[in-house]
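First the structure, in the form of structure tokens, and then the observations on it.
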Amino acid sequence: VVKFRRTGESSRSEEDGISGEHEVQIEGVRTELEPVELEDGAAVPKEFANPTDDTFMVEDAVEAIGFGKFQWKLSVITGLAWANAMEMMILSILAPQLHCEWRLPSWQVALLTSVVFVGMMSSSTLWGNISDQYGRKTGLKISVLWTLYYGILSGFAPIYSWILVLRGLVGFGIGGVPQSVTLYAEFLPMKARAKCILLIEVFWALGTVFEVLLAVVVMPTLGWRWLLILSALPLLLFAGLCFWLPESARYDVLSGNQEKALATLKRIATENGAPMPLGKLVVSRQEDRGKMRDLFTPHFRWTTVLLWFIWFSNAFSYYGLVLLTTELFQAGDVCSISSRRQEVKAKCSLTCEYLTEEDYTDLLWTTLSEFPGVLVTLWIIDRIGRKKTMALSFLVFSFCSLLLFLCVGRNVLTVLLFIARAFISGGFQAAYVYTPEVYPTATRALGLGTCSGMARVGALITPFIAQVMLESSVYLTLLVYSGCCLLAALASCFLPIETKGRGLQESSHKEWGQEMVGRGSHSPGESQE
């Protein structure tokens, strides 16, 4: 016979503890709690939160409260921050416009894109460190306000040097926006975590689609300056909603702020209409948070190295494919690229070509391939696990790259590029699910930040392969991308930890998964997997 107490309160009185009698208060009526008999091995009824243990952890509370109204609100707000894809998509629209309007040579146009990635690469680790040291909400709010300020200011740039500096500062701010995933993941119950993080990625795709549609309307009438200003609006809305956004309860517990963490959990329980666990919230205070050395402890050293390569390969291949798509579409197929290249070399680097309506349509169709990538990843990630999902994505991309060696027609070429982009974007999304799950709360933001920084290194290098190397050999270029993804697929398989069905680890001083071990509920001979 096990006794439970139905209550929204998380603490019990001393009298309860002494007498062992537990009462439930429902709409002001106090009644004695009936004993509940459970069969051997039977699950605890969901309405009872958890047995009357003396303590509970944040993980217990998040699982007991479950997914509800609070998480739906958080999904929309986090998605608004994730819609910063507009600031990335604008690069492909802004570059040809400035090339024509300011008569910029090709290398200056390319530098305008590169400086954004340099800013992101240099700041990703810093934002991760700030989020681990001072809170997820703090780091995210500062990075979004930074991006918003310099994004709007870019619209008033008088000369090339000004817009180069300002877009670099925008990139510096964008480097912190992935921390929204850290904050979001720490409020999600285990069963909903993968699906919700993947669905947040839809906001990225929506942001890119909205940017193209906005450009179709704004560019012919108001021009690129207004496009830059209007593209910052989702971040302005997010900045206003940040006042509602709570700090992560996991971070508060780790920083020793028990009362604030408990207040946040009670707020979520109230909004979701769910009971809080019984007992006292355990505080596992850790002062040395956000330290780079914690990513290279014996438990995480191999994971960190492999993840850095996986993130590098993801961005290297994703942005490489984006650049290759334009080249391949304009040439017709791989076999036509060499002859086309010779014609292009004869042209002046200042030849001006504005984006046409057909160009915007092609951009839109290419962007729409992100949605099937989300759906496929959503379907398989909880079936085969995070590691196998990433490996499968890399393998399909590699296979499609090799098929491009054939002189296929435009229709087949479009299908291959569509499938390749869908799977490489799906692999990117799976990495965004896996990375926050595998690192403990003390280094979760830093781990995600450093991985994001390595992705920007891949994005910086890929133009030299997709554009420079392509001039000498298109087959060697495709071989580089295919080989890189094959290695990344192997790296995914060799990751030592599979996070499917696991809780989030709180302190880096404990072994991975210790929080999910049945506390005090197993006999010495039982497995605690």
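The backbone N, Cα and C atoms fix where each Cβ goes, glycine too.
Residues or ranges marked as domain 'Major facilitator superfamily (MFS) profile' in TrEMBL: 73-500. The region 'Disordered' feature in TrEMBL is assigned to 1-20, 506-529. Residues or ranges marked as transmembrane segment in TrEMBL: 74-95, 107-130, 142-163, 197-218, 224-245, 299-319, 389-406, 412-434, 446-466, 478-497.
By number of Cβ pairs under 8 Å, the transmembrane segment (478-497) is matched best by 389-406 from the list 389-406, 412-434, 446-466. Residues belonging to the domain 'Major facilitator superfamily (MFS) profile' (73-500) score a mean pLDDT of 80 in the model.
Counting Cβ pairs closer than 8 Å and at least 6 residues apart in sequence, the transmembrane segment (142-163) and the transmembrane segment (197-218) reach fewer than three and form no contact. Counting C-beta pairs under 8 angstroms (sequence separation of 6 or more), the transmembrane segment (412-434) reaches the transmembrane segment (299-319) with 3 or more such pairs.
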